[in-house]
Amino acid sequence: MRMGDNNEGGLGTSKDEPQMNQDEMILAQQRQIEKEISDSIPLVGSLEPLESLNKEYLTDTVYLEKVKDLAKKYKFMRRTRPDGNCFFRAFSYANVEILTGKKEEFEEFYKLAENSKNALVELGFQQFTVEDFYDTYMEVLKRIKTAPTVEESKNELHTLFNEQGFSDYMVVYLRLLTSGQLQKEEDFYSCFIEGHRTVADFCHQEVEPMYKESDHIHIIAACAALNTGVRVVYMDRGTGKSCTEHDLPEGCTPTVHLLYRPGHYDILYP
Amino acid sequence: MSEPQSSLLLRKQLAELNKNPVEGFSAGLIDDNDIYRWEVLIIGPPDTLYEGGFFKCHLYFPKEYPLRPPKMKFVTEIWHPNIDKNGDVCISILHEPGDDKFGYEKASERWLPVHTVETILISVISMLADPNDESPANVDAAKEWRESYSEFKRKVARCVRKSQEQEEC
């Protein structure tokens, strides 16, 4: 679901009402929709059998066929809240989840994360403003890494990612890392940016603000920033009986698997 | 978490501003028990019409700060195209992306979680020096600024004088 697409129609402004209130009404309605979503859908859900998707498409043969195809490759899924941050939250969660139980790889990732703040500061981000998000990011990683068993690590991960404060800070920091990556490789990424914007402008408008949705370019940069590959499985109403798979960066061996349905990402498990 | 992150972050920023004050403004709380409501005194920037003035402002932070922006209001009377007649400040960085109430042309300078009280105040001070008359919150002030600058100057000078008198008592 695209946040912000829900504003059209339904407001029924009559001519008698003062014009100035309309924008405020739209904002209020948007907040209301956001609240309904946040009251009913957890930030990151529990593991569910893939077949739970069928419930959403009871009469839709196109999707049911595709779920069938998807079930050949994936057994489980984990839903994320559709709040515009779903890619960053799903990617961040799935990436750390895979690392639990892989001691050496987790240490390696931890080091990469540890060095990331200085890299951002060198790129011109302000130390004082980046620090809070970085500190929380490292605290979350540390708490998951030092839990005594894999089971407890996974529980810690799930608890922290469902606490708004921690979870949103993880999203902010990954957004900053993604922005940093885009700006570091400006020459490369500038070719993919639409609308005559500089890479820095694009980052300020589309990457760093919360609740802004992600596109291909975000995903490629986020993968590069975390040194991880992701497979995005596209499921839409297009023709064909199977879903389309995209590995990002191209040709990688993906560790994180995400299900993309127009406007939203969830996590997939083989 | 016992104390929300927003409150920890605001505490940290307040301590930092008290330790290393930034030129052009001073910051404190309206009520010492409420970290979400700040009182800031802006010193009218030199070489602008507002030079010599002392402008008291309030900042109201949401619990979701820094994911969402604070609101800012001038308590001291001020005449400026981007501050409405109630004192509410309308600049792009205090609006979230997608919030198009004032129809800004560029989305480039919207609210970002990395903004702090300091970066907000720097933007507001620069706004005092350099109004944006494309998206005015005070249409009369914007019109005067464009069409009858001497009248605009006169009104600003009166606000500056009044602000000095208020500071003295």
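Yeah, the Cβs are placed from backbone N, Cα and C, and that goes for glycine too.
Look at TrEMBL and you will find A:D83 (among others) tagged as active site. The DSSP secondary structure for A:D83 (active site) is coil. The Cβ of A:D83 (active site) has 20 other Cβ atoms within 10 Å, all protein chains considered.
Sequence annotations record features per position, and here TrEMBL assigns active site, nucleophile to A:C86.
Residues annotated as active site in TrEMBL: A:H264 (among others). Under the DSSP three-state reduction, A:H264 (active site) is assigned to strand.
Per TrEMBL, the feature domain 'OTU' maps to A:75-270.
Feature annotation from TrEMBL assigns region 'Disordered' to A:1-20.
TrEMBL lists A:I220 (among others) with the feature site 'Interacts with free ubiquitin'. Proximity of A:I220 (site 'Interacts with free ubiquitin') to non-local residues of its own chain (separation of 6 or more, Cβ distance below 8 Å) is seen for A:L248, A:P249, given in sequence order. Following the DSSP three-state reduction, the secondary structure of A:I220 (site 'Interacts with free ubiquitin') is helix.
Sequence-distant neighbours of A:Y234 (site 'Interacts with free ubiquitin') (same chain, six or more apart, CB under 8 Å from its CB) are A:C243, A:T244, A:E245, A:H246, A:Y260, listed in sequence order. Taken from TrEMBL, the feature site 'Interacts with free ubiquitin' covers A:Y234 (among others).
Among the features that TrEMBL reports, site 'Interacts with free ubiquitin' is placed at A:D236 (among others). Residues near A:D236 (site 'Interacts with free ubiquitin') in space but far in sequence (CB under 8 A, at least 6 apart, same chain), listed by position: A:R261, A:P262.
Cβ-based neighbour count (10 Å, all protein chains) for A:Y260 (site 'Interacts with free ubiquitin') stands at 22. The site 'Interacts with free ubiquitin' feature in TrEMBL is assigned to A:Y260 (among others).
The site 'Interacts with free ubiquitin' feature in TrEMBL is assigned to A:Y265 (among others). Summarising the environment of A:Y265 (site 'Interacts with free ubiquitin'), the number of other Cβ atoms within 10 Å of its Cβ, over all protein chains shown, is 25.
The active-site residues in question are A:C86, A:H264, and the one with the fewest Cβ neighbours inside 10 Å is A:H264. Put simply, A:C86 (active site, nucleophile) is 7 Å from A:H264 (active site) when counted between their Cα atoms.
Between A:D83 (active site) and A:Y265 (site 'Interacts with free ubiquitin'), the C-alpha separation comes to 11 Å.
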